[in-house]
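According to TrEMBL, the protein carries these features:
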DOMAIN    B:3-180  domain 'Electron transfer flavoprotein alpha/beta-subunit N-terminal'
BINDING   B:R200, B:225-226, B:239-243, B:256-263, B:N277  FAD binding site
Amino acid sequence: MQILICVKQVPDDSIEIRLDNKTKMPNLNGVSMVANAFDTYALEMAVRFMEANGGNVSVLNVGAEDSTNTLKNCLAVGAKEAYFVQDDSFVNLDALGAADALANAIRKIENDKGQKFDLILCGLESTDEITGQVGAMLAEKLETGFVSRAIAFNVKDGDLQVNQETEEGYNVVSVISPAVVTVSKPEYDPRYPTIKTKMASRKAVIPTFSAAEIGEVKQAIVRLVEYVEPPKREAGIKIQEKDAVLAVSAAIEQMKKDKAI
Amino acid sequence: MKALLYIETSGDKVLGGSVELISAVKAIDAEGTALVIGNKVAAGTVASFGIPVIYTDSVATDNDTLTEVLFEIVKGENPDMLLFANTALSKDVAPRIAARMNFGCVSDVIGMSKNDGKVMYTRPAYGGTIFERIEVEGASVVTVRGGSFSKPEAAANAEITEKNVQIPANAIKAKIVDVVKEISESVNLEEAQVIVAGGRGMGSAENFELVKELARVLGGVVGATRPPIEDGWISRAHQVGQSGKVVAPKLYIACGISGATQHTSGISGSDYIVAINKDEDAPIFEIANLAIVGDVTEILKGMIEEMKKVKAE
């Protein structure tokens, strides 16, 4: 199976990001750019499938910023090929524009290779914008089937089957290939690179295109007007009794007074 | 401005988050029409809020069919906005409609206002530490976070219009072939009035039972952060926060939860937050109405007994 993972480069989400007081923009000083966590789950899922069944795993990024490092890190944890479409005109892409650019890039890669992808994976959502829209929109642009919230996939009797996370467990969804599938957190974590795979990925040559080479950039219809600070909830009353019994009775009294119980 | 509201149903029941959309469109003076698919009783419930309803009896058990039904209705009605409650279902379907119609899509909206005829949407980003204010050129598809708007009041019954939609066979590319239930309990965190939630600070599965006991005494629902779920103290159906359920109860009691942003952004719609933690600098205390510094198991034991008395009064 030929699998492609669309990877977004985002600020490391283990660091809390706040607004810069002066610029009113997210303060990304000292925050490293990494592959979006959900995209790394998708990559691990695909690489495991490839190791068990053969085939090929590729990764693709479209963006305005240099993402060579992020893509090389993907190569170091099992992807065989990486593609990059970098263009300054991608700075203000909305989700529809991103889906368009990805669809154009996918068609270009397929044409160049003379081979179609059977499965295209996207992370469920990105940890920066958290819109969770691009995967579903990409399926529409490519006119393929779509399944959201995958926690596993397999091929059974020649059919692509996806386990789709639900409130109570999962649905087994049979989908016509090629399909776009968004990936939620599976039961396992993504692997780490080894020194050997890191060294090898550093030497990799990543085919890079401009927006003009893949298609046309559509004007964003969803526009960010400004960033604002969330309203602060005021910290309320603090009870610091050493004795638990006294602490509880003070708490109950306060809750009654505030009509919380 | 014309708004179409997709009302999510479960059997005859109408999902609480989707009736809040009725208040959301009132806030921006839009003319709202609700859309109910496949359940006539639910259509009646929605009409009793005084909003006209389009009803179609198509059975949309899979998302491809639902997308197709919505697409056909939206094409016919030509609304300026299509609204959804922000659920797993709408996250799957809403962007598909947006792409098909070339509408702008705004997810997880927590506020809307109208200025010079343009709607401004507010939504959280970066795990909830930053809010974005967004405008859309032309028509939009919007998913609204539950608890962001009030539930509508009952009003004079409005009209229900029936519409038929034909689904072409090739519209369905994905089919559910099996449903696997790993969790038998049903957990309705989104609509709960009282939530008692536990975090890593509960220490063990045994101690976590105290969280469940207090929830039982208060007639509430049990919530949890990720660590207790990963440690197997409770099932993931209970997860509260940005990656779990976003909640808005009247009372939220956080036990042994330090207060990472991913969690606090998911509970900030609560009316009253009580936090119990031994660390007096725990970030959760910054947003709690009532902060109790102390040993969480001791406090919980005492609280269970006292709450029993309060309930008996």
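Glycine too: its Cβ is placed from the backbone N, Cα and C atoms.
This view paints the features noted in TrEMBL onto the structure.
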| residue | record | contacts (Cβ under 8 Å, 6+ apart) |
| --- | --- | --- |
| B:R200 | FAD binding site | B:T225, B:P227, B:P228, B:G256, B:I257, B:S258 |
| B:Q239 | FAD binding site | B:G223, B:A224, B:T225, B:R226, B:I229, B:K245 |
| B:Q242 | FAD binding site | B:P124, B:G127, B:G128, B:T261, B:Q262, B:H263, B:S265, B:G266 |
| B:A260 | FAD binding site | B:T225, B:G241, B:P283 |
Could you tally the C-beta atoms, other than its own, that fall within 10 angstroms of the C-beta of B:H263 (FAD binding site)?
28
What number of additional C-beta atoms lies within 10 angstroms of the C-beta atom of B:I257 (FAD binding site)?
31
According to DSSP, which kind of secondary structure is B:R200 (FAD binding site) found in, if we only use helix, strand and coil?
helix
On average, residues of the domain 'Electron transfer flavoprotein alpha/beta-subunit N-terminal' (B:3-180) score a pLDDT of 95
